[in-house]
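**Student:** After the structure tokens below, expect a handful of questions from me.
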Amino acid sequence: MTDHPAAPAAGKAPAGGPAEGALLSVRGVDVGYRTGRRTRVTAVRDVSFDLYPGQSMALVGESGCGKTTLGLGLLRLLPRTGVVSSGEILFRRKDGRLVDVRTLAREDLRRFRWNEAAMVFQGAMNAFNPVLRIEDHFLDTFRAHEGGRRRPRKEILEQSADLLTTVRLDPARVLGSFPHELSGGMRQRALIALALALKPQLLILDEPTTALDILTQRSIVERLAELRDELRFAMVFITHDLGLAAELADRVGTMYAGRMIETGTTRDIFYRARHPYTSALINSVPPVAGDLTVPQSLPGGPPSLTALPPGCSFAPRCAHAVDACSHTRPTLDVLRTRTEGLSHAAACLRTHELLEGATRD
Amino acid sequence: MATEIAASPPPGAGDATSARTDAPAPPLRRIWNHYAVVKVRKALVVVFVVANVTFFLGRAMPGDPIDVMAGRLTQNGMTMEEARAVAMNSLAYDVDAPLHQQWWDFLVGLVTFDMGNTINRPGVSVMDAIGAYLPWTLFSIGVGTVIAVALGLALGMVMAYRRNQFLDHVLSVAASVLGAVPNYLIAMVLVVGGGMYLGWFNPIELRGTVSPGVQAGFNLEFIGDAFFHASLPILTYVLAIIGTWMLVMKASTTEVLSEDYVTVARARGLRDRRIAVAYVGRNAVLPLVAQIAISFGTLVGGAIFVEQVLVYKGVGGLLLDAVNYRDYPLLQGLLIIITSCVVAANLVADMLYSRLDPRIRD
């Protein structure tokens, strides 16, 4: 999937372009970080997927597998040292035009962000500028995306109040508050309200509920699910919490060492996982449904991105690895074809042999 | 946080409990006033302590005004007895007054804002002597600080945005060099280099605080002339402290640039200028506000050398005289007033800080 010419003209469907009707088509994306004058480490490698309007996809995997990097890369929000070094991020805008986020010019990119795709960050504790009131954050956001006539402050604040109400916050109290006057849960809701301000088509959530207590997590997740059904935005959410993924996602992508190693519907992943890593991940937490089994831990950690094994990256930790695994890199093969990006695919040489072992019903 | 769930039916009713719970309306203002009052009280204590230290420190130095003057007179061939007699007659200092008596007089003077007369300039009160010199020092240092801070903050921010690029490397080296050179050396280099070798200006004309014949007053001629004469001291102060400000601001900005709210601001599609000013700049400057006052205080100390080198008639020369001739009242007055200026600058910085950072308002 990496043989596309770089930088296709926006608007024209590039070779092997987006799937029909997809909102977001990611094609062979690599994301690298500069680590020295001439050295670079590739944190995300050759990731491709199609996301359709209204779908929600969970990205799961251990820390350091490239989930957050991929999320940031989709909006080109990487830190200074990071860059999307190849591939295409094709996005169908609200006006129907197809753009490659990777080649958007500076001002186009600015207008694209938040208006088409918004992001809710890991631990919203610091997502708000400590010296500005919540209302100023709304004003800034609306005004940055509204050309022409400057809308009166009052009008924007009324709209902001409505948004806060949709996430069950009391606008009268929250709008005039400074971020430090709100609790973590309130800040996270306020950020979600802010993210929905411009009615984006895509919402990227990077561990939206980590660092929150379990009851607050619950209410935020429930509200998020309701809002998605109401507003029909697509979601990509990055999480360590498999329970959350099972609940909120239509589909799941497992990442390991920067690659997407298994994708499928939530049912596929949780009941018929076909990659040993996905199975191990699922077996390491108590089951979402069914009898309580003893969780099994997965020893070791992901390999260093600077010294990946030549074959399957997971082979050194894999209980089912054979000789071939350490020198042949498996490709992401489709196991069951479905439409709208819901096909089940796994990157494992022994997928077929291990079918029974990895099944859990 | 359980209320967040339990009270979900009326939207937002159970939420927001932790926001501003203990803030009934009018006392907010009273709290703020109270905060200010506390700061002022502490400042007064500082000034009082420093004043007492100066009183005893001055007298702890070897020799008193009579000794010093008599010492100089004996070099002209007088005997020690004669010299002492002449000195005692011409100086307004009573050697026999006991220390506790002097201290009591000093304390009374402190409270009544009457610091008495100078010893070495009979008939001239301490307040008049200081009043004639101090404004020039405060003027030159004040203008220098404002320019240096404004420029330093701007350049520091540019360096942080372009860190590890060519411009950053050049400015970093320049800032480190400037920060390492003592201010009086900068003054000398300016006079010798710019005035004598390059001939950009005539250093003799620039001496003093105003040109002869120019009347003090609120008019363009006087103000222009004051700036003309203060230009070298101001330039010296700017060069002396701008390097530090650039480096400090660069570090602070670099830190703020990695904050989540800056990334979120970019994600929100805000314009670069808005992010630089309201999100990066404002937060980067916050921790530096207090340092502006400290920087001002350091400069007042450094002014002694700079004013000597540039022959600028500020408080520096006066202080040097007061120390050399053991002019206790003048020395005390000067140190108390200089201290008060620095403490006042700190106070202003404190107040400013509480206005700029909502987190420390309560």
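A Cβ is built for glycine as well, from the same backbone N, Cα and C atoms used for every other residue.
Per TrEMBL, region 'Disordered' is recorded for B:1-22. Sequence annotations record features per position, and here TrEMBL assigns transmembrane segment to B:43-61, B:133-158, B:170-198, B:226-248, B:284-310, B:330-353. Sequence annotations record features per position, and here TrEMBL assigns domain 'ABC transmembrane type-1' to B:134-349.
Give me the local environment of each listed feature.
**Tutor:** For the transmembrane segment (B:43-61), the list of distant contacts is 99, 102-103, 106, 110, 323, 326, 328, 331-332, 335-336, 339-340, 343-344, 346-347: same-chain residues at least six beyond its ends, Cβ to Cβ under 8 Å.
A Cβ distance under 8 Å defines the sequence-distant neighbours of the transmembrane segment (B:226-248), meaning residues of its chain 6+ beyond its ends; these are 136, 139-141, 143-145, 147-149, 151-153, 155-156, 159, 171-172, 174-183, 186-187, 190-191, 203, 206-211, 288, 291, 295, 298-299, 302-303, 306-307, 310, 312, 314.
Remote same-chain partners of the transmembrane segment (B:330-353), defined as residues 6 or more beyond its termini with a Cβ less than 8 Å from a stretch Cβ, comprise 36, 39-40, 43, 46-47, 50-51, 54-55, 58, 106, 110, 115, 118-120, 126-127, 129-130, 134, 138, 286, 289-290, 292-294, 296-297, 300, 315, 318-319, 321-323, 360.
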**Student:** Do any residues, 6 or more residues outside the transmembrane segment (B:284-310), come within under 8 Å Cβ-to-Cβ of it, and if so which ones?
**Tutor:** 137, 140-142, 144-145, 148-149, 153, 157, 160, 182-184, 187-188, 191, 206-207, 232-233, 236-237, 240-241, 244-245, 248-249, 252-253, 255-256, 316-317, 319-320, 338, 341-342, 345-346, 348-350, 352-353, 356-357
**Student:** Given a Cβ distance threshold of under 8 angstroms, which distant residues of the chain, six or more beyond its ends, lie next to the transmembrane segment (B:133-158)?
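**Tutor:** Distant contacts of the transmembrane segment (B:133-158): 167, 171, 175, 209, 226-227, 230, 233-238, 240-250, 252-253, 276, 280-281, 284-285, 288, 292, 295-296, 299-300, 303, 307, 312-318, 337, 341.
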